[in-house]
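Copied over from TrEMBL:
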{"type": "BINDING", "residues": "ARG125, GLN220", "note": "substrate binding site"}
{"type": "BINDING", "residues": "GLU144, ASN146, GLU368", "note": "Mg(2+) binding site"}
{"type": "BINDING", "residues": "GLU144, LYS305, 364-373, TYR375, 398-401, GLU425", "note": "ATP binding site"}
{"type": "DOMAIN", "residues": "205-302", "note": "domain 'Glutathione synthase substrate-binding'"}
Amino acid sequence: MATNWGSLLQNKQQLEELARQAVDRALAEGVLLRTSQEPASSEVVSYAPFTLFPSLVPSALLEQAYAVQMDFNLLVDAVSQNAAFLEQTLSSTIKQDDFTARLFDIHKQVLKEGIAQTVFLGLNRSDYMFQRSADGSPALKQIEINTISASFGGLASRTPAVHRHVLSVLSKTKEAGKILSNNPSKGLALGIAKAWELYGSPNALVLLIAQEKERNIFDQRAIENELLARNIHVIRRTFEDISEKGSLDQDRRLFVDGQEIAVVYFRDGYMPRQYSLQNWEARLLLERSRAAKCPDIATQLAGTKKVQQELSRPGMLEMLLPGQPEAVARLRATFAGLYSLDVGEEGDQAIAEALAAPSRFVLKPQREGGGNNLYGEEMVQALKQLKDSEERASYILMEKIEPEPFENCLLRPGSPARVVQCISELGIFGVYVSEAKDPRPAHLTRVSDEALMRSPLQP
């Protein structure tokens, strides 16, 4: 399934000229990041890393990924509603992983007090690679699903124009015409807008929880701009701001700076280092409110690696999605091998197999944000240290997906254009809104599914 750009990758002079034009077009289209030197300022910006040429996605696998996204939307929603499943699944993990335990504590506290919100919003992104099979045919295999701060919908909306421009410069108009339009930011905004509408207060705002130093702000602005075009106003605040200026009234309506909040959209809060004691208190305040959270705490827990592993067990999908055998089959077809490392015979066997054939596995902690997984010798050393410790329950083991590599030209600020071996991921955004009066599960609506095609070499 390699993408072969042939002689184009061998002509250094042509590559350098194409790279200059591609970078200029990326800047013009708004494929932008703040710089690492000035992450809190937009006065000096640069382009987000990207590949000079587009990457091939087999049409059958793209259609499969689209088709299964509604099933993943339903599954994530079902998991988030099933408190017993979450508690049982995460029972061993929360004993060893403090971050997951803190999230789960908030979840329990909200359940005990009673869930105030009646509108629930999911903006998730399911990431896949194309597994290379023995006969050479590719198969769609899920890496993970991101249920909090699923990013790059905004920048992905702008990259097709860059790749069309590059191919047009080369007079490859036929190939340029095959690049699909891709506007995830619009779909994500439609989900937020629907949740805002169902909240039912026309003067209420959308609150985006942001990091103080946010390099990826232009990705977020794309969604904000889509909302503003619908006359829905967004305010950006940090957890610290919420701690100082957030409050709940007697009906648990959320107010920030005296303004009512209909939707809370988290673009922060997915890694331990993003929380101080003050920030944990702010997160609890938000979770206790009536505002629609994206995600609410249960949905964030539904995206943990441990939940992903548990869903692969026989019978689990059938329990969570009763009477939906076709959806179960579509979901299960995308699963790679997933293995528990809980203390016991099952975990012992998984560790033994990984130590015997380390190239076949990946070790994953309960973390989001990228760069956390362990491979090869690093994985071996970690497993040797963990095998006699209960700490191993904070990890899962996953079958290593083996996509077929291909050559492309990688463009990064400050680096010369260079041809490298790449592997691609396909990310599909899913958007759902559910509304519940009492009890919670009442109405689940598909709002939008949008595709994001990106290389793991991009940020």
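Cβ coordinates come from backbone N, Cα and C, glycine included.
TrEMBL does not curate its annotations; it predicts them automatically.
Features as recorded by TrEMBL, highlighted on the structure.
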residue : record                 : contacts (Cβ under 8 Å, 6+ apart)
GLU144  : Mg(2+) binding site    : SER126, ASP127, GLY303, LYS305, GLN308
ASN146  : Mg(2+) binding site    : ASN124, ARG125, SER126, ASP127, GLY303, GLU368
GLN220  : substrate binding site : GLY154, LEU208, ALA210, GLU214, ARG267
PRO365  : ATP binding site       : ASP97, LYS305, ASN372, ASN373, SER394, TYR395
GLY371  : ATP binding site       : none
TYR375  : ATP binding site       : PRO358, VAL362, LEU363, LYS400
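Summarised as a single figure, the pLDDT of the domain 'Glutathione synthase substrate-binding' (205-302) averages 97. Secondary structure of the domain 'Glutathione synthase substrate-binding' (205-302), assigned with DSSP and counted as helix (H, G, I), strand (E, B) and coil, comes to 40 helix, 26 strand, 32 coil. Residues ARG125, ASP127, ILE145, THR147, ILE148, ALA150, TYR270, GLY303 surround the recorded Mg(2+) site, their Cβ atoms falling within 8 Å of the Cβ centroid of GLU144, ASN146, GLU368, which are themselves excluded. Ranked by Cβ neighbours within 10 A across all protein chains shown, the binding-site residues ARG125, LYS400 are led by ARG125. Using a 10 Å radius centred on the Cβ of GLU368 (Mg(2+) binding site) and all shown protein chains, the other Cβ atoms total 18.
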